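A.B. asks: Can you read through this structure? Questions will come right after.
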């Protein structure tokens with residue numbers, strides 16, 4: 001039995017997986033905040049436009065890694081493939097996100113004239129079903145985020161990936177990066193109201209990081225349990241300083257400590273504002289490192 | 001309908017790599033970049049002085065339960081009625097999902113560089129006109145003419161035995177069901193149609 005590193009999916013796909021999780025989660029969290037908390041439309045439109053941007057950029061990275069990107073439409077052929085479902089989820093996401101964001105763009109004086117060029121009937125319809133679009137969009141965002149994990153878990157001979165823990169880890173990490181991005185965005189807002197949202201986001205991100213730590217614990221416990229490729233992969237990660245220090249320490253533990261300080265000691269005051277910016281950037285970098293290293297540590301278990 | 005399969009009699013393989021050369025010539029695989037549809041693994045087993053050389057010819061196992069076929073979003077990977085797993089080059093987008101899903105490392109990318117090099121070498125007789133993911137086809141173009149795959153007819157030691165697994169009179173059926181031959185990585189549940197008789 002030999003273990004061989006997968007040499008097929010590299011940083012381009014890691015970037016796609018990261019941006020997919022980030023874009024899907026950013027939209028899902030923004031839409032849910034809108035539904036349950038209310039939110040200022042300027043912030044919301046920036047958040048949703050950025051999430052669309054992340055997904056567009058992610059798709060560009062995916063296409064750039066293909067041998068025949070111009071034939072990508074064929075990817076809607078085989079429903080047994082996770083990529084098929086990924087395409088469905090991403091398109092469902094784009095439709096929901098665009099339908100959702102158009103009425104929100106009316107608050108921008110420079111963009112509003114362009115929005116007004118859309119027939120009034122359609123605009124009224126979009127406005128009326130804005131909350132429905134938020135709801136379907138958050139479902140689409142969740143599906144896009146979890147799909148990034150499902151895609152790579154469909155490899156029977158890479159036992160480190162071929163586990164239900166991986167989609168779970170990716171979706172939680174995706175939502176953590178989404179919350180971190182929104183936190184980062186909110187700290188730049190001059191609107192006093194946004195500090196209320198920051199408090200929520202800070203708590204959400206801290207909870208997501210704790211959940212991520214629990215899943216990571218279970219995941220590595222499973223990986224180290226049997227003498228398979230999964231154990232070898234876990235060993236590879238344990239011997240990667242950038243994974244341990246970059247992802248685990250600076251991507252999870254330090255931001256969690258900062259957010260804990262913000263929640264319990266700074267009581268969500270602006271005192272912890274600068275620290276929050278640092279924590280958010282760290283979570284985002286950590287999210288990327290997680291995907292990069294999980295792909296890098298994918299080991300085939302060959303019988304020779 | 002036939003259900004084609006292969007038995008590798010490991011007792012006779014000498015590691016001459018004639019199968020690799022035959023396959024390369026037959027199917028124009030990009031040997032210039034070290035990419036082959038069939039490959040002979042050459043490993044040392046044990047520690048000195050108790051060392052043994054182990055050879056293992058491998059290729060696409062043409063699994064019954066195909067992870068590559070499930071992973072392919074475009075339907076480019078398909079199974080013929082004869083149980084041969086093939087790639088439709090016109091439909092392949094080269095997303096590599098099948099390469100990741102294959103537990104036997106049987107697939108490789110025939111990229112733009114390979115297509116150009118092939119054009120340079122074979123001129124108008126090229127068989128790979130566009131980038132795609134490539135793999136063994138059991139030489140189905142030869143099989144349909146009643147001939148054996150190139151690697152089988154070239155093997156000087158008769159290590160490779162090809163035929164219809166469902167035909168009770170075929171040698172491949174007898175060997176595959178003899179109990180001596182085993183498929184690789186059976187625990188994955190892919191039901192490969194290539195069997196190995198250990199040396």
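Cβ atoms here come from the backbone N, Cα and C positions, even for glycine.
From TrEMBL, for reference:
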type: TRANSMEM; residues: A:13-36; note: transmembrane segment
type: TRANSMEM; residues: A:43-63; note: transmembrane segment
type: TRANSMEM; residues: A:83-108; note: transmembrane segment
type: TRANSMEM; residues: A:129-153; note: transmembrane segment
type: TRANSMEM; residues: A:165-185; note: transmembrane segment
type: TRANSMEM; residues: A:206-226; note: transmembrane segment
type: TRANSMEM; residues: A:238-263; note: transmembrane segment
type: TRANSMEM; residues: A:275-294; note: transmembrane segment
A.B. asks: With Cβ-Cβ distances below 8 Å as the criterion, list the same-chain residues six or more beyond the ends of the transmembrane segment (A:275-294) that contact it, or say none.
C.D. replies: 11, 14-15, 17-18, 21-22, 148, 152, 160-161, 166, 169-170, 173-174, 176-177, 179-181, 183-184, 187, 198, 202, 205, 209, 237, 240, 242-243, 246-247, 250-252, 254-255, 258-259, 261-262, 266
A.B. asks: With contact taken as 3 or more Cβ pairs under 8 angstroms (pairs 6 or more apart in sequence), are the transmembrane segment (A:83-108) and the transmembrane segment (A:13-36) in contact?
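C.D. replies: With 3 or more qualifying Cβ pairs, these stretches touch.
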A.B. asks: State the residues, same chain only, that lie 6 or more residues beyond the ends of the transmembrane segment (A:129-153) and have a CB under 8 A from a CB inside it; answer 'none' if no residue qualifies.
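C.D. replies: For the transmembrane segment (A:129-153), the nonlocal Cβ contacts are 9, 16-17, 20-21, 23-29, 31-32, 34-35, 51, 55, 82-83, 85-86, 89-90, 92-93, 96-97, 99-100, 103-104, 161-164, 166-171, 174-175, 178, 291, 294-295, 298.
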A.B. asks: Under an 8 Å Cβ to Cβ limit, what residues of the same chain, 6 or more beyond the ends of the transmembrane segment (A:43-63), are close to it?
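C.D. replies: Same-chain contacts beyond the ends: 12-13, 15-20, 22-24, 26-27, 30-31, 33-34, 69, 72, 90, 93-94, 97-98, 100-101, 104-105, 107-108, 141, 144, 178, 181-182, 185-186, 189, 191, 194, 197.
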A.B. asks: At a C-beta cut-off of under 8 Å, are there same-chain residues at least 6 beyond the transmembrane segment (A:238-263) that contact it? List them, or none.
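C.D. replies: Residues 180, 202-203, 205-206, 209-210, 212-213, 272, 275-276, 278-280, 282-283, 285-287, 289-290, 293, 296-297.
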A.B. asks: Can you tell me which parts of the same chain pack against the transmembrane segment (A:165-185), counting only residues 6+ beyond its ends and a CB-CB cutoff under 8 A?
C.D. replies: 17-18, 20-22, 24-30, 33, 43, 46-47, 50-51, 142, 145-146, 148-150, 152-153, 197-198, 201-202, 204-205, 208-209, 211-212, 215-216, 218-219, 222, 255, 276-277, 279-281, 283-284, 287, 290-291, 294
